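Undergrad: Sharing the feature lines straight out of TrEMBL:
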- Cys443, Cys446, Cys483, Cys486: Zn(2+) 1 binding site (BINDING)
- Cys452, Cys455, Cys470, Cys473: Zn(2+) 2 binding site (BINDING)
- 218-384: domain 'Helicase ATP-binding' (DOMAIN)
- 478-640: domain 'Helicase C-terminal' (DOMAIN)
Amino acid sequence: MADSPAPRVLRIAIPSPLRRLFDYLPQGAPPQGGWSPGLRVRVEFGRRQVVGVIVDCRDDSDLPLAKLKPIQACLDKAPLPGDWLWLCRFTSRYYQHALGDTLAHAMPVLLRQGRPLEARVRERWQVALNGDPARLGRAPRQAELLEMLRQHPQGLTTQVIQAQSFTRDQLKALEAKGLVSCHEETLTGPTPDDSQGLLASPALALNDEQAKALNQLHQGLDRFHPCLLHGVTGSGKTEVYLQLIEAVVAKKRQALVLIPEIGLTPQTLGRFRQRFRVPVVALHSGLTDHERLDAWEAAASGRAPIIIGTRSAIFTPLARPGLIIVDEEHDGSFKQQDGLRYHARDLAVVRAKRHGIPLLLGSATPSLESLHRARTGDYAHLRLTRRATRHAPARLELVDLKGRPRRGGLIPPVIDAIKATLDAGHQVLVFINRRGFAPTLACHACGWMAECDHCDARMTWHRQPPMLACHHCDRRRVIPDACPDCGSADLRPLGSGTERTEESLAETFAETPVHRIDRDSTRAKDALEKMLTEVRRGEPAILVGTQMLAKGHHLPHVTLVVVVNADAGLYASDFRALEHSAQLLEQVAGRAGRAAHPGRVLVQTMHPDDPSLRLLAERGYDALAESLLEERRIAALPPLRFMALIRLEGPREDALTALAREIAGELREQVRSLALDLDCLGPVPAPMERRQNRYHLQIALMAERRSQLHPALEWLAHRLEAWPEARRIRWSIDVDPQTLS
Ligand SMILES: Nc1ncnc2c1ncn2[C@@H]1O[C@H](COP(=O)(O)OP(=O)(O)OP(=O)(O)O)[C@@H](O)[C@H]1O
Ligand SMILES: [Zn+2]
């Protein structure tokens, strides 16, 4: 690098939604390795000063050099990791998102603001081994300090020492006398010392299926080896992860583990930290900006051998990548639904391939995408068909809701089953996917229902605190005393939410604690963990909760799971609704009977004869997934075809429709002239056409081959960016959309 001539132009990605790069002139001495892609620079952009990233060093520009501004400063001594930059460029191209914005999204806030990427260190002071006490002299405070340090053989940090009213000068004086020594340590923990072995607690002896899966995984440690670990709930997938990670870390490589947002609980982290002696670094939304930077640095420098994080952790640079695991790979939280609409699981595949390392996707209910790839042989398909614990997962028992009286959403035979379970000394989990007291408030005299003024949606009735709330736009209203249409005072709840079911169960089972677990009841920090700790003590109890409870938790004393209503996904317009709802049902059902006693799962439904529901109940998720894949093939839908969705929204329906038609027309024209093999559908109204008082339309692109999609999308993005009328609306491109809403 040092001999190559200095470039005349730096092409820089600026954090902005504009899909283009900007040229600047170098200025000041280049860093040691010379000007190169990945260096952050401070530049003037319009009237602002921003932090950009060099993505190209060139000798020419499309503009005359005299028109270019020089950069203000280079912020890095060395470029940000090349693989990280590569992944960001890929992401930007694939998801049609501006590179500058993608880079900003993929780095910690403090780096975005221009802070250096370096480990924060602190000093630790210890009593020196061969110090000569005679050298202390007459220094009473220093003598006290020395005595305090003697009592802490592992040493104390400067901060702790100063908190005891000692000064740095006193420490320095002792150091000069050779009585204490000081060393620096990073905040994320020391560099791993594996002289004591990697494991803090021993691995479990694997059962046959686990051993077979692990064995196959061991064969592919040195290459790109994508595997689907498809194991029923409680089959011990996590144990397989732990033992595979052990093998990777033993080879001095790093493992990156992605888990769903609600899966990153202290319990999960605890399981990893208990097993390994080496540091396990967590990356999630609960970190401060400094902690996040520290974790990123520890991963980028290679000091952290194991990194666990939620969606955005896929962008964590690794110095010695060895393995990527995506746990609960079907989970919706891996897809970002706004801004940069990436899918962390799909990027994990791309990244593992680039690094030439194994990729492990784990789930009891794999996405149809991953199942399809396992069927076509793109992924190795590893099966765990039995639970690691004593009892097999319970089958779903469908319970007919039609024409039966309900209390808090539950019918009498279900309430009896709850009673029997509690009498036997066990716990019950009641799953209901609606928070609030009731889905809405209705007038019994005229049929009026509380609707949101801004959305095509009903408002949910909440009791704690009392209000009507729209779950789509967050508007709130006071609960009316009388019907706004006919004046009748006969206003009643329609349907049940978590609050109503909790209230009714607390009445029926006055002696038993009822814990409600949903977004509202767990707002306070640690509220969820406190409730779960209480529940894990094992006294009879009822848990009422939304999908927060459905996934990943190991609740050993739950033997009965009740699903209040299984019908949400059955007749929805979104073609993925049934897949997602079946995954959720199977996951909830998987919470039952995970320890000493077998489980039972009661599923209330208005449609006990629905063929899909019956297939799920009688033959399980895998059979339903097979049949759904077949339907997708016949209907030519993903994952058998590739899809992108263009969403358009604006304040006026007619203007939006006119513009959307024009856009779709031009797009079709372009598809013809580029001779692309793809279908362009729409514009059609979004499933909820009016949301937050804005109208929503969509255009869908479908193609047999992915390569056909991208030229059309790229053209469209540039066209829309340059189209003056399009400034009056909001538009976005969603590649591989996970929902049509
Ligand atoms: N080989 C084994 N021997 C004994 N117990 C095991 C073994 N493997 C796993 N277990 C235990 O079985 C229980 C379930 O395992 P684990 O949580 O890993 O399953 P999972 O497949 O990840 O479940 P889920 O998909 O429901 O989250 C845990 O308590 C775990 O300690
Ligand atoms: Zn609303």
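In case you wondered, yes, glycine gets a Cβ from its N, Cα and C as well.
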Undergrad: Using the centroid of the Cβ atoms of Cys443, Cys446, Cys483, Cys486 as reference, list every other same-chain residue with Cβ within 8 Å of it (recorded Zn(2+) 1 site), in sequence order.
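TA: Other same-chain residues near the Zn(2+) 1 site: His444, Ala445, Gly447, Trp448, Pro484, Asp485, Gly487, Ser488, Asp490.
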Undergrad: For the recorded Zn(2+) 2 site formed by Cys452, Cys455, Cys470, Cys473, which further same-chain residues have Cβ atoms within 8 Å of the site's Cβ center?
TA: Asp453, His454, Ala457, Met459, His471, His472, Asp474, Arg475, Arg691, Gln692
Undergrad: Based on a Cβ-to-ligand 2 distance below 6 Å, what subset of the binding-site residues Cys443, Cys446, Cys470, Cys483, Cys486 would you report?
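TA: Cys470, in sequence order.
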Undergrad: Counting only residues 6+ apart in the same chain, whose Cβ is under 8 Å from the Cβ of Cys486 (Zn(2+) 1 binding site)?
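TA: Expected: Cys443, Ala445, Cys446, Trp448.
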Undergrad: Closest of the binding-site residues to Cys483 (Zn(2+) 1 binding site), Cα to Cα, picking from Cys452, Cys455, Cys470, Cys473?
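TA: Minimum Cα distance from Cys483 (Zn(2+) 1 binding site) across Cys452, Cys455, Cys470, Cys473 lands on Cys452.
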Undergrad: What three-state class does DSSP give Cys470 (Zn(2+) 2 binding site)?
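TA: Coil, per DSSP.
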Undergrad: Provide the three-state secondary structure of Cys452 (Zn(2+) 2 binding site) computed with DSSP.
TA: coil
Undergrad: Can you tell me whether DSSP puts Cys446 (Zn(2+) 1 binding site) in helix, strand or coil?
TA: coil
Undergrad: Among the binding-site residues Cys446, Cys452, Cys470, Cys473, Cys483, which residue has its Cβ surrounded by the fewest other Cβ atoms within 10 Å?
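TA: Selected from the binding-site residues Cys446, Cys452, Cys470, Cys473, Cys483 on minimum Cβ neighbours within 10 Å: Cys446.
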Undergrad: So if I measure Cβ to Cβ from Cys455 (Zn(2+) 2 binding site) and keep only same-chain residues at least 6 apart in sequence, which ones fall under 8 Å?
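TA: In sequence order, Cys470, His472, Cys473, Met688, Arg690, Arg691, Gln692, Asn693 meet the Cβ cut-off.
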Undergrad: Which value does the mean pLDDT take for the domain 'Helicase ATP-binding' (218-384) in this predicted structure?
TA: 94
